[in-house]
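These notes concern the structure reproduced below.
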Amino acid sequence: MARLRTGRWNPFAFYRVPVTVVITLIYIALLAPLIVVQHVLPSVPESNPEGLDLLEAWRDLQSLTNGFHPYNSRKNDEVRSWLLTRIDEIISTNAAETLTRHDSARTFVFDDNQSNLTVVESNLGVYFEGTNIIVYVRGQEDDKREWWNEPGLAPSGKGGVLVNAHYDSVSTGYGATDDGVGVISCLQLIKYFTTPGHEPLRGLVVLFNNGEEDFLNGARVYSQHPISKLPHTFLNLEGAGAGGRATLFRSSDTEVTKFYKRSPYPFGSVFSDAGFKLGLIRSETDYVIFEGDMGLRGLDVAFIEPRARYHTNQDDAKHTSQQSLWHMLSAAVATTEGLVSDTSRDFEGRPQGPGKVPSGTGSGAVWFDLFGTAFAVFQLHTLFALSVTLLIVGPLTLLITSIILANQDRMYLFGISVSADDGFASVPLRGWRGFFRFPFIFGSTTASVVGLAFLMAKINPMIAHSSEYAVWSMMISAWIFVAWFLSRIANFARPTALHRIYVLTWMFLLAWVLLVITTVYENRDGIASGYFVIFYAFGTFLATWISYLELFSLPKRSDYANKFSGQISSRRTSLGGSRLLTPNPDFAGQHQEDDEPTESTSLLRSQRTSFANYTRSAEDDGEGDLLSTGVGTDESEARDANVYGYEQPWSANLPKWTWILQFLLIAPIITILVGQLGLLITSAIHQTMQDGSSALAPYLMIAIFTTLIFMPTLPFIHRYTYHIPTFLLLVFIATLIYNLVAFPFSGNNRIKLFFLQEVDLDTGANRVSLTGILPFVDDAAASIPSANGQNISCIPKGDRTECSWESDLIPHVITHPGSGKQQTPMNEWVKYKAIRLEPGRQNTNRAQFKISGLNTRGCLLHFDKPISQFHVAGSATDSRFPSNPSLEDGTEDGVREIRLWSRIWGNEWVIDVEWASHNNNNNNNNDDSDGGKDTLTGKATCLWSDANTQGTIPALDEVIQYTPEWVAITKLDAGLVKGSRSFEV
């Protein structure tokens, strides 16, 4: 055999070494910064920005979070007093010079101890008395009257801006990020906008609301204050994690979102907004009250990770950072400054419902950050228009290009053979080779990672809780290795120069289908979460079009056939009439048949093997990529150095450098957009299984994003060297073993178990429960000393399991043992009186309840059957918030529970209730034994939530002390302790 020639080294050619190096370096260069941005926060400025004091802010956060301060705790009152003092100090410091410069910038503080509201939602009724703190910094263009003091008077002007944070925490968390950082940011905003030179044009209302953690009560009751008529836009600062970056969670429209673009470190994606619209995210923030019920237009900025510390004792200043505080504060200042300086009338217009503010309507928004430093925002209808355009123009362009290629006789795709002018022979083109590779390779690789997702969800479903990057590594290494291995096998068996163009064509077809789906959602539901698909489709279209344009560099098929035929004729002459290279009809037919196979054709067909004339020793050398062969030539003849390996001879004229352009059109933008989206979603959901969410969802999401990120390698991966895929195979084996056998929790990534103690005040029965995921909740319950020897009952509770046991640890929620005071008998903890009233309209049953509890300001009435109406004495109602169920009397959709919250400790509530007559709904057949009167049964319950002093709730202290270090205890309900008495009326 003659020596195979090599060509000159070309670092940009479509050969194995350049492809491996370029693709690897680009992916590393893009993914590494994305991971850094996800976990490394911007540094705090060395000197204070004008109008701010960062050290003061950090010290305020430490002061705010020195204890648990839920609404139903004495500590909450202390926090409220501290806030009023801090607000007064800030305003007093800046007041003198501010008033001298601009009298219009006066600041007003409203200590709201008057507002209350009754709301009904589903089977739950809530009466709440607010203790909000509202600070109004009058804008230079605001109404100069004190209009809020005149009943029925509304402000004039363009509307103001609301910034909100809630100062209550849960009963088991210090509230550093939920919502301490938001509260401290609000204090600094007051400082900033009362500093001379920063006076707002529009009025600024800063709301410190109390009672968010249980039913968003503080935001609802804010609607009853006159100042709530002023703002048309809002910024809600929240925490659904315990640190990291503050994420733009959702926004109402493009016009308001553009002000977030001013943030020095923007972070977030409209994908999270779609999660709320589609109902995938079940928790809510005050945003839904301001935007949905009151008609404001605004933004929701929140911490979203780590969820393992959210609502636990690790949500404290020690586990957050000054960098997190600065990240939220800088975004709040920049966004608010833009909103209060806005001179447009974009936020004026018709109210979106009765009683809502006249803020007008905005346009749907698309928004996302780039590396945490830049922010893109544009209108949804722009995305829709571009999507429709690409859906039409893309396929049409490829079709027209294909027609032109066919007319010029350069359409080698799908070509089987072509005849020379002399009719001597049919020259094979092998134009079908590679057509079916993408469906097989893409389907196999995707199936492999999806299969891994199901495997993880089955064997070790919680491993993503602490080891999400081990899961990512497993998915990525598996996907790349399988894709490379299958591509190399296919290329080894049937080498083809059409691999790239066919794979790109399939990719564009897939992207086109995805674009159709996302475009439908954009138009029908206003869902913009598929914004990255248009970039995917556009880049893939351009790369595919380039491959089609490359075909213009090829000779006409007839010219190629004539040249091939001429070469054979000359060789016949030179060989003295030898018939070795003269294809007789039988051979020609066989040759044509052999050159038509697809990827599904048997590799053992006929007498020719799939691995014939394939030389490995040359191609394994980096320079050996230039080795090639001609078709129908003698083995001893020199091969064309411009043909890669054993690909089609006509491919010698294809450009060698265009692959880089194609890769750059697809991979970088997709890696950036999809990569950061994948990391964002992973951080948001990988610790949600403990809350009862799907165990499969995080793994399936990682599998999908792995596929989307690395699919751009498929047109090129068959030219990859074996080194990196082999290394990734080892990574896959190691991470697979780890993910299958590793324990999923640790002291830094604890699983949350939900605590509740229920006391029957009539009988003295005392039951403690932990709710969580099996088998971990069962293991934790078994470790509690007071549960030893007890019959621990574990029953399903929705998506979780409740394990409970009888306990002899009585809560000291009325009188602490260390106080020296006599303990109060249990039956005096809750007092109630139920009085039967005269029948109401339509002969409904009526009763009046009076209920109060010692050392609490939260109680509830639970009914065994639904009531149709209720009214709490002294309560306000609002048409924006339904105060009674909309139902026909006697249906099962009535109210089953009324929660009662008072700003006064030990308050007595008076509640009138109505319920349907059993007679009226059962053909006058009355089975009651009380003389024809329908009875109403249920429980009168009060709640206790203050666990700041050890020994107040001994059962909680015991659970915290004896559960394993990988367990975090949080509250299950509005109260840590529920004391109940039964009633019948």
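Glycine too: its Cβ is placed from the backbone N, Cα and C atoms.
According to Swiss-Prot, the protein has these features:
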type     : residues         : note
ACT_SITE : E212             : active site, proton acceptor
BINDING  : H166, D178, E238 : Zn(2+) 1 binding site
BINDING  : D178, E213, H311 : Zn(2+) 2 binding site
CARBOHYD : N113             : N-linked glycosylation site
CARBOHYD : N116             : N-linked glycosylation site
CARBOHYD : N791             : N-linked glycosylation site
REGION   : 586-606          : region 'Disordered'
REGION   : 614-633          : region 'Disordered'
SITE     : Y310             : site 'Transition state stabilizer'
TOPO_DOM : 1-16             : topological domain 'Cytoplasmic'
TOPO_DOM : 38-383           : topological domain 'Vacuolar'
TOPO_DOM : 405-438          : topological domain 'Cytoplasmic'
TOPO_DOM : 460-469          : topological domain 'Vacuolar'
TOPO_DOM : 491-500          : topological domain 'Cytoplasmic'
TOPO_DOM : 522-525          : topological domain 'Vacuolar'
TOPO_DOM : 547-659          : topological domain 'Cytoplasmic'
TOPO_DOM : 681-696          : topological domain 'Vacuolar'
TOPO_DOM : 718-726          : topological domain 'Cytoplasmic'
TOPO_DOM : 748-985          : topological domain 'Vacuolar'
TRANSMEM : 17-37            : transmembrane segment
TRANSMEM : 384-404          : transmembrane segment
TRANSMEM : 439-459          : transmembrane segment
TRANSMEM : 470-490          : transmembrane segment
TRANSMEM : 501-521          : transmembrane segment
TRANSMEM : 526-546          : transmembrane segment
TRANSMEM : 660-680          : transmembrane segment
TRANSMEM : 697-717          : transmembrane segment
TRANSMEM : 727-747          : transmembrane segment
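Where Swiss-Prot records a feature, it is marked here on the structure.
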residue: N113; record: N-linked glycosylation site; DSSP (3 states): coil
residue: H166; record: Zn(2+) 1 binding site; DSSP (3 states): strand
residue: D178; record: Zn(2+) 1 binding site; DSSP (3 states): helix
residue: E212; record: active site, proton acceptor; DSSP (3 states): coil
residue: E238; record: Zn(2+) 1 binding site; DSSP (3 states): strand
residue: Y310; record: site 'Transition state stabilizer'; DSSP (3 states): coil
residue: N791; record: N-linked glycosylation site; DSSP (3 states): coil
- Tell me the Cβ contacts of N113 (N-linked glycosylation site) under 8 Å, same chain only and six or more apart in sequence, or just say none. G130, T131, R903
- Give me the Cα-Cα distance between D178 (Zn(2+) 1 binding site) and Y310 (site 'Transition state stabilizer'), rounded to a whole Å. 8
- Query: Are any of N116, H166, E238, Y310, N791 (the recorded positions) within 10 Å of E213 (Zn(2+) 2 binding site) when you go C-alpha to C-alpha, and if so which?
  - Reply: H166
- Looking at 17-37, 439-459, 470-490, 501-521, 727-747, which one has the highest count of Cβ pairs under 8 angstroms to the transmembrane segment (660-680)? 17-37
- Residues lining the Zn(2+) 1 site besides H166, D178, E238 (CB within 8 A of their CB center) are A165, G175, T177, D179, G182, E212, E213, L237, G239, A240, T285, D286, A302
- Count, for each of 17-37, 439-459, 470-490, 727-747, the Cβ pairs lying under 8 Å from the transmembrane segment (501-521), and report the range with the highest count. 439-459
- Item | Contact check, the transmembrane segment (727-747) vs the transmembrane segment (439-459), 3+ Cβ pairs under 8 Å, seq sep 6+ | yes
- Task: Sort out the residues at least 6 away from either end of the topological domain 'Cytoplasmic' (718-726), same chain, that have Cβ-Cβ distances under 8 Å to it, and list them.
- Result: 14-17, 19-20, 23-24, 480-481, 484-485, 487-488, 490-491, 499, 625
- Residues of the topological domain 'Cytoplasmic' (491-500) by DSSP state, where helix covers H, G and I: 5 helix, 0 strand, 5 coil
- In Å, rounded, how far does the Cα of E212 (active site, proton acceptor) sit from the Cα of H166 (Zn(2+) 1 binding site)? 6
- C-alpha spacing of H311 (Zn(2+) 2 binding site) relative to H166 (Zn(2+) 1 binding site), in angstrom: 14
- Counting each residue once, how many in the topological domain 'Cytoplasmic' (405-438) are helix, strand and coil under DSSP? 5 helix, 6 strand, 23 coil
- Task: Return the residue, from the listed recorded positions H166, Y310, with the maximum count of other C-beta atoms within 10 angstroms of its C-beta.
- Result: H166
- Number of helical, extended and coil residues in the topological domain 'Vacuolar' (460-469), per DSSP: 5 helix, 0 strand, 5 coil
- Select the most exposed residue of N116, N791, where exposure means the fewest other Cβ atoms within 10 Å, treating these as the glycosylation sites. N791
- Query: Distance between Y310 (site 'Transition state stabilizer') and E238 (Zn(2+) 1 binding site) at the Cα atoms, whole Å?
  - Reply: 12
- N791 (N-linked glycosylation site) to H311 (Zn(2+) 2 binding site) - Cα separation in whole Å: 29
- Where else in the chain does the topological domain 'Vacuolar' (522-525) make close Cβ contacts, counting only residues six or more beyond its ends and a cut-off under 8 Å? 277, 380, 383-384, 387
- Message: Can you work out which residues elsewhere in the same chain, 6+ from the ends of the topological domain 'Cytoplasmic' (491-500), have a Cβ less than 8 Å from its Cβ atoms?
- Response: 14, 412-413, 430-431, 433-435, 437, 547, 597, 599, 603, 610-611, 614, 643-648, 650-651, 654, 659, 662, 715-716, 718
